[in-house]
Amino acid sequence: MSDLLSRTHAIALDAADPLRPLRNEFLIPRHGGGEQTYFVGNSLGLQPRGAQAAVQEVMKQWGELAVEGHFTGPTQWLSYHRLVSAQLARVVGALPSEVVAMNTLSVNLHLMMVSFYRPTAQRPVILMEAGAFPTDRHAVEAQIRFHGFDPAECLVEVQPDEANGTISLTAIERAIAEHGPRLALVLWPGVQYRTGQAFDLDAITRAARLQGARIGFDLAHSVGNLPLRLHDVAPDFAVWCHYKYLNSGPGAVAGAFVHERHHRDTTLPRFAGWWGHEEATRFQMAPQFTPAIGAEGWQLSNPPILGLAPLRASLDLFERAGMEALRSKSLALTGMLEALVRARLSGVLDIITPAEPQRRGCQLSLRVIGGRERGRALFEHLRGIGVLGDWREPDVIRISPTPLYNRYLDVHHFVEEVEAWAGL
């Protein structure tokens, strides 16, 4: 085995890692007498140490100011959601006016489709990937039915055409072109949740717009994982959650993007609520709705301040690190994991995530050779010894080395434990 795949080399890489201090900014779950080896940042990110202080700041302000906290104090709640806008915009490559933290992903997806899925008899079709995360498919079917159409006729799913269940860009572009005259909306993920495949958002956007279709992205597994350029790529909308790579806690407030070309479009339908009304006249309580300019205009209710506080703490860490530095470390971490699996576990694990670094984020999806029961046995064994990935039916273990807090030694430890389990 190459020295570059040795435990000694992993320790040396950790010692030289410029992002190493950021691990200390997180609470690492305990296991036995030590720390858990945690590879589930793609499902629920670890708690930033600053999250509790951020929440306590809000609690203190509530206790001391009560309702006046909306308008006074160091972080008045009237504009609290804007405290995250600039940092969040840098994470997703957008203008601050194009992003808003609000609701949850499924709610935001429905709100965006109210505005950007406008089917007609000639253009009723939504195109998405086969095997999409269930909430996306549920929402799409519900929207199609809401407009009086039949999902059996108006939902097109692009099937995998590559080994291991991934989808080529050629297949996506071909499907968009084939259904183009009937396409109302293309809804696509930035990263496919089960396979870990990352997609070329530029190319998909171009293909959709060439056919006159709207384009939106579910970036649940992309935000905080991959550098994004939403303003330049210019989809109509995007939605995502903040509890994965953005480390904002279970059920965290989610995020949405609306490109600036739509900000002053008064013909665009939307579901309205009072917090989406322009701030200057909101408290005049007029019956007419005047939307705020920007993504803020899609807000409904006043934001949950206690839910936004942990997001502030996490975004501060992203500011310290920078997305390019995080991506650089992520490539190295996941590259080491791939190399070790291929060198030492080729008879135990199959990697179903694309091998090309530009076609994946930090996640590797692994299928245990020997079938589902053997795979589940390995997953439970690893969990029992404090090495935590996650399981996705029917037979995939997802391992996601997250550069904010995972180490090269964590990757090496995972491979050693699988070797021991397999008796290698």
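The backbone N, Cα and C atoms fix where each Cβ goes, glycine too.
In the record from Swiss-Prot, residues L105, S106, F133, P134, T135, D136, D218, H221, W274, N302 bind pyridoxal 5'-phosphate; the candidate from Y117, Y243 listed for the same site is Y243.
Taking the Cβ of F133 (pyridoxal 5'-phosphate binding site) as centre and 10 Å as the limit, one finds 17 other Cβ atoms among all the protein chains shown.
Y243 (pyridoxal 5'-phosphate binding site) carries neither a helix nor a strand DSSP state and counts as coil. For the recorded site, F133 (pyridoxal 5'-phosphate binding site), the DSSP three-state label reads coil.
Counted within 10 Å of its Cβ, the other Cβ atoms near L105 (pyridoxal 5'-phosphate binding site) come to 23, all protein chains included.
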